[in-house]
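Reviewing the structure listed below.
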Amino acid sequence: MAESLHIVGAGMAGSEAAWQAAEMGVPVVLHEMRPKVGTFAHRTGQFAEMVCSNSFRSDDDERNAVGLLHWEMRAARGLIMEMAAAHRLPAGGALAVDRDPFAESVTGRLRAHPLISVVEEEVADLPSSGNWIVATGPLTSSALAESLRALTGAEALAFFDAIAPIVYAETIDMEVAWRQSRYDKGETEDERTAYINCPMNREQYEAFIDALLAAEKTEFHEGETAGYFDGCLPIEVMAERGRETLRHGPMKPVGLTNSHRPEEKAHAVVQLRRDNKLGTLYNIVGFQTKMKYGAQTAVFKMIPGLENASFARLGGIHRNTFLNSPTLLDDRMRLKLRPNIRFAGQVTGVEGYVESAAMGLLAGRMAAAEILGRDLPPPPPETAMGALVTHITGGAEAKSFQPMNVNFGLFPPIDARGGRRGRKDRYKAYTDRAKAAFTEWLGA
């Protein structure tokens, strides 16, 4: 039998890496410290637990980079995308999932695989021998982070992710709010009415901004710096950047018509997205926050339609630790100083559930191929996975390296006409080129 592959962390990346390697015939030992050692953000001991949003974002594989990444992961028979499809919720053009059954299904499939064994323990040191993938995610334990610093001589970088609150659907006033996906996107009625919308006029919006700015915030611990990933900024930080920032961001009113008062144009709109299959829970889209709990309740109840809302979960912040990957990793995602160790997921400096799982997919396949005596190069940079791994392992500037979502700006340019119509054609050209290149890579 082949040598074993040890994987540290059973989040999105570790779970996908374990599945891919085991499916290639390599025995996997999956190390997960939960539930014995918990974190601020996790609630369970399940694998691939979604601690922030329940959305994998756009599922458009023709004109959206993350949708293309979905396509590539499906083509590679990814476990995360398979389980996401099994627990999909209506969300317009987005791919949202019922988070608890999703995590339970991922956990069940991995535990049932004959080549995967699970060890519930914390790994505190970077091993000097054996085959390893470290996929510890944004909440890498202090002991392991210290081990990494000692080995590399480099400081792990840190920023903070904020978590959005979740509301009980029955407590939303539907005489004020209405159901509609932006621009009525979706093929079914469920998808076209996937979001609950709460309108604000100018006076309500201005009062809301004042309350956000005045609210008491959570303080950082000594020695921590308040850096954020732009894709997960707390709403109060966005408000500090300008009073109009929110209504051009998560509170933008475009593409929505109030079904109660169609003649009235809202100044701003707060959207809530279904968080479970039963439709009993909704999360407030883009409303991640570091306000203290008491302040959150008061401020969020200023939103029309949420005056009597009850919260299943309030928002919060958690630390996110990641490597300076362009300096530390080679193009096979191996640690240059100790090539028996690969890294995958958010700890490498990608941001997002799908991006993390995709890096796990690559790391798992690359590690398994190496154990089996083969070399597996990364996908071409024209693909979504290839563009991401190229970015984190050398395409990005090391001095200014920050976590990155997949986007077409990471892809090699394509020759296509500009303009509004041209932009859509250009995105389609990117995805057509990527699909052909990825299919060829899979078959090599």
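Glycine is no exception: its Cβ is also placed from the backbone N, Cα and C atoms.
Per Swiss-Prot, the features are as follows:
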BINDING   G9, A10, G11, M12, A13, G14  FAD binding site
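Other than the site residues G9, A10, G11, M12, A13, G14, same-chain residues with C-beta atoms no more than 8 angstroms from the centre of those residues' C-beta atoms, the FAD site, are I7, S15, E16, A17, F47, A48, A135, T136, G137, A344, G345, S356, G360.
Within the same chain, the residues at least 6 positions away from M12 (FAD binding site) whose Cβ sits under 8 Å from its Cβ are A48, I80, G137, G345, Y353, V354, S356, A357, G360, listed in sequence order. Around the Cβ of G14 (FAD binding site), the same chain contributes I7, V8, L30, E32, F47, I133, A135, T136, G137, A344, G345, G360, each under 8 angstroms and 6 or more positions distant in sequence.
Take the binding-site residues A10, A13: by the count of other Cβ atoms within 10 Å of each Cβ, the lowest one is A10.
Counting only same-chain residues at least 6 apart in sequence, those with a Cβ under 8 Å from the Cβ of G11 (FAD binding site) are F47, A48, E49, A135, T136, G137, G345, Q346, S356.
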